[in-house]
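**Q** Handing you this structure, nothing more for now.
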Amino acid sequence: MPNTFHITTFGCQMNAADSDWLSRSLVARGFVPVAADKATIHILNTCSVRDKPEQKVYSEIGRIRSATGNSPDILVCVGGCVAQQVGEKLFKRFSQVRLVFGTDGIASAPDAIARLAEAKRLRISLIDFADRFEERDAALDGETVPPAAFVNIMQGCDNFCAYCIVPYVRGRQKSRDADAVLAECAGLLERGAKEITLLGQNVNAYGLDLGVTVGNGRSAFGDLLYRVAALPNLSRLRFVTPHPKDMGPDMARAFADLPMLAPRLHLPLQSGSDEILRRMGRKYDTARFLELVTELKAARPEMHFSTDIIVGFPGETEEQFQETLSFMERVGFAGSFSFAYSDRPGTRASLLGDKLDKKTKFDRLARLQAWQYAFASDLLARMQGETVRVLLEGEAAAKDPVPGAVYWQGREERGHSVIVRMMREAPPGGWLGETVPVRVTGASMHGLKGDLA
Ligand code: 5AD
Ligand code: SF4
């Protein structure tokens with residue numbers, strides 16, 4: 001009987017991309033992906049950036065333990081940031097856990113899983129940090145790839161923002177070799193990908209750890225963007241996440257030069273108060289942030305921005321929170337991920353004295369989210385009547401389907417999700433991966449809907 005596996009992923013897009021790779025790599029070794037209740041191998045790819053992540057992971061492992069009667073035939077593998085943090089202590093607590101791997105250890109995880117599936121008493125720990133980006137096998141053979149694919153360009157972060165655990169659990173910044181990035185992108189595009197998102201914790205710092213210099217006022221990341229953009233069959237390029245402090249003038253130039261660079265940027269602000277930004281160690285102020293937005297909008301007037309915000313950083317006053325709200329309004333963010341500050345072990349902010357109480361933090365969070373909801377709803381509603389270009393990613397279920405219509409889901413260039421109603425026959429190769437013009441007929445909190453134009 002083949003070994004069956006199920007991956008549960010928590011956290012960011014980097015984890016999602018890691019899980020996709022791990023899944024492909026296990027399939028290439030003959031493992032079969034199945035629903036959680038059918039799996040003999042359970043893989044949890046964890047996140048520790050906020051809230052009570054360890055508890056979430058413990059309760060998930062506990063759930064598997066009781067659902068399977070703690071059977072020794074079940075293998076539980078814990079990867080990602082919580083595995084890095086808690087490490088081998090997980091072995092003591094849960095007998096079914098026989099593999100822990102950090103983000104640097106993932107390259108060796110498929111081999112380890114293959115060994116553990118045979119040797120029932122073995123335990124393997126892969127939580128050492130690497131000094132360099134470890135290349136993984138491509139695991140693309142025979143696989144079809146989604147129209148919108150993700151490619152990792154770096155691992156870890158050197159910034160040590162006061163609140164953030166990432167540098168401690170994902171290690172220092174390690175950039176991936178540019179030729180390896182290009183080869184993976186080319187491989188994906190040959191297999192049907194149309195859009196590529198380059199992923200990293202701080203993409204503008206790409207290459208700095210390798211000492212890459214490019215000249216002509218171009219950063220190593222800028223250079224990589226131009227090289228990926230030149231690959232055949234690419235219709236759209238995105239990247240996430242840039243850090244405002246490392247965004248140079250070459251970024252606005254890239255948006256002006258490269259039509260496939262989609263006019264949507266996720267640019268984490270964190271706070272609209274200069275004093276809080278200073279205490280967070282972000283190394284930019286609101287004036288600089290606004291300057292960046294202005295430069296980028298000059299290059300691409302249709303650009304939409306989204307951001308990350310932390311409310312209730314230690315010592316944040318009501319006035320400073322109000323500064324965040326008014327700055328968000330000034331930029332006009334199309335969307336934001338917002339979080340109440342939470343202490344992460346080992347970070348500088350966790351040692352600060354003037355912590356805010358839960359009620360104040362969640363009250364501010366609710367007000368910020370209410371503003372964002374109203375602003376985004378209005379922005380999307382104003383897109384009615386526009387014709388947008390949508391990359392079709394999969395069939396969708398419609399709420400009130402019209403007889404004879406089929407519905408597809410995709411994203412338009414500014415990153416908004418669109419449900420498209422098709423009243424027409426599919427082209428010979430099917431709709432998947434096609435980029436089609438869509439007339440926007442409505443909007444909801446989750447995105448747009450429209451008709452094939
Ligand atoms: N508390 C709350 N939010 C946090 N983030 C990172 N660390 C913390 C923390 N300690 C948020 C930041 C970051 C996003 C990925 O998570 O906004 O950009
Ligand atoms: Fe964390 Fe700051 Fe690095 Fe982002 S840039 S991962 S917030 S330390």
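Heads up, the Cβ atoms here are built off N, Cα and C, so glycines get one too.
Note: TrEMBL annotation is automatic and uncurated.
Got these off TrEMBL a minute ago, pasting:
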DOMAIN    3-118  domain 'MTTase N-terminal'
BINDING   C12, C47, C81  [4Fe-4S] cluster 1 binding site
DOMAIN    143-378  domain 'Radical SAM core'
BINDING   C157, C161, C164  [4Fe-4S] cluster 2 binding site
DOMAIN    381-453  domain 'TRAM'
**Q** Tally of helix, strand and coil residues over the domain 'TRAM' (381-453) according to DSSP?
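**A** Split into helix, strand and coil, the domain 'TRAM' (381-453) gives 1 helix, 38 strand, 34 coil.
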**Q** In Å, rounded, how far does the Cα of C161 ([4Fe-4S] cluster 2 binding site) sit from the Cα of C47 ([4Fe-4S] cluster 1 binding site)?
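**A** About 17 Å separate the Cα atoms of these two residues.
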**Q** Which number gives the other C-beta atoms within 10 angstroms of the C-beta of C47 ([4Fe-4S] cluster 1 binding site), all protein chains shown included?
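**A** Step by step: centre on the Cβ of C47 ([4Fe-4S] cluster 1 binding site), count other Cβ atoms within 10 Å, giving 20.
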**Q** Taking the centroid of the Cβ atoms of C12, C47, C81 ([4Fe-4S] cluster 1 site), which other same-chain residues have Cβ within 8 Å of it?
**A** F10, G11, M14, N15, T46, S48, V49, P53, G80, V169
**Q** Of these binding-site residues, C12, C81, C164, which scores lowest on Cβ atoms within 10 Å?
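**A** Looking at the binding-site residues C12, C81, C164, the Cβ with the fewest others within 10 Å is that of C12.
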**Q** State the three-class DSSP label for C47 ([4Fe-4S] cluster 1 binding site), counting H, G and I as helix, E and B as strand, and everything else as coil.
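**A** In three-state terms, C47 ([4Fe-4S] cluster 1 binding site) counts as coil.
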**Q** Under a criterion of Cβ-Cβ distance under 8 Å and sequence separation of at least 6, what residues of the same chain contact C157 ([4Fe-4S] cluster 2 binding site)?
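**A** Non-local contacts for C157 ([4Fe-4S] cluster 2 binding site): C164, V166, P167, R170, R172, Q173, Q201, N202.
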**Q** Near ligand 1, which of the binding-site residues C81, C157, C161 are found, taking a Cβ distance under 6 A to any of its atoms?
**A** none
**Q** So which of the binding-site residues C12, C47, C81 sit close to ligand 2, that is, with a CB under 6 Å from an atom of it?
**A** none
**Q** DSSP says what for the domain 'MTTase N-terminal' (3-118): how many helix, strand, coil residues?
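**A** Its residues divide into 58 helix, 25 strand, 33 coil.
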**Q** Which residues, in sequence order, are found in the same chain with Cβ within 8 Å of the centroid defined by the Cβ atoms of C157, C161, C164 at the [4Fe-4S] cluster 2 site, excluding those residues themselves?
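**A** Sorted by sequence, the hits are N159, F160, Y163, I165, V166, P167, Q201.
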